[in-house]
């Protein structure tokens, strides 16, 4: 008799009556049908094997379970195939887990189909960051996990420079890179000295005041005292 595709004859005692033939399959294939046949005399008087040549079917380990927030990369699920696990953006495979598995000849995955875990990426704590004359707060997310957003705001009289907000990126770093926000005091600009008068006060930053007086024989029109407001404008 013939050998099955992806299989072979283990032994054959001959081609005479009561001879026995035994088949087996190559590695990665399982036998479908009988593994042996005996040469018998048929009712028509000729000799024939009492079982057809079996088939050799490729062994599949089945579709492995994909991790939550992740997936698998593979071409098929047959013996010898290696499957690679991956995580979606913002997640990483737990360092203790195997990242690959191989389909074994017994039809099982080498990791016993134990799905690795994808854990959320976290960014470093920014608790030590102090924004002088301002504050920061988390507006969404928690524990500095992926996509956590932090916004910065300045006290009255100060305006923010640098990033107004940062977000935890998929690679576990904050989006501010090397740039840090800071709060700069607001300036209202220089006030002119009135003709035939005087101005006391040279500061132009938030909270500063300017006092105006007139020379002898002149009367002041307008505010005698003006203050630099948080809007960046002088009062009065």
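The backbone N, Cα and C atoms fix where each Cβ goes, glycine too.
These features come from TrEMBL:
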type   : residues : note
DOMAIN : 1-58     : domain 'Sushi'
DOMAIN : 59-120   : domain 'Sushi'
DOMAIN : 121-185  : domain 'Sushi'
DOMAIN : 186-236  : domain 'Sushi'
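Mapped onto DSSP classes, the domain 'Sushi' (59-120) shows 0 helix, 23 strand, 39 coil. Predicted-model confidence for the domain 'Sushi' (121-185) is 94, expressed as mean pLDDT. Across the range of the domain 'Sushi' (121-185), the DSSP-based residue counts are 0 helix, 28 strand, 37 coil.
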